[in-house]
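Just below is one structure, and these are the notes that go with it.
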Amino acid sequence: MSILVRSFNTYRFFELVNRVCLIQSISCFSDAAAAAAAGKDLTNTSNVSVRSCDFEVFGTVQHVYFRKYTQQEAIKLNLVGWVQNTDKNTVQGHMEGYKPNIEQMKIWLQTIGSPKSKITKVEFKNQKSITESTSKTFEIRK
């Protein structure tokens, strides 16, 4: 393949990528415009509810750094609360934060966990809206 053909193909590739990016940015702008037209303040987080949720994770979740990875994921998602091992060889905890972040953490607890964990079941209890947080960090309890 000649250099001219390769550079033309490269040009066509980047042209296609730019069109996709342009379409995606137009879509983002139209979503933002629709939200603004609906009267939603996109800079105000008071539109998002703050929630709390208790959880218990079953399976191979002790001695596999599950609490450490849970704490890291919670901090990444701006959640506060705690996590601890139980006498039943499960891990239980409490998390508080914005609803979308809580939902992401629930998915993480059910499907990912620590690299060596084997999650068989997760129970979520006491899910409710809260007005203020009971903690400032996400801690590992012994």
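Numbers run from 1 along the shown chain.
Positions of Cβ are set from backbone N, Cα and C atoms, glycine also.
Copied from TrEMBL, the annotated features are:
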ACT_SITE  Arg67  active site
ACT_SITE  Asn85  active site
DOMAIN    52-142  domain 'Acylphosphatase-like'
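Across the domain 'Acylphosphatase-like' (52-142), DSSP assigns 24 helix, 39 strand, 28 coil.
If you average pLDDT over the domain 'Acylphosphatase-like' (52-142) in this model, you get 97. Between Asn85 (active site) and Arg67 (active site), the C-alpha separation comes to 8 Å. Within 10 Å of the C-beta of Asn85 (active site) we count 17 further C-beta atoms, all protein chains included. Taking Cβ-Cβ distances under 8 Å and a sequence separation of 6 or more, the neighbours of Arg67 (active site) in its chain are Val83, Gln84, Asn85, Val91, Ile140.
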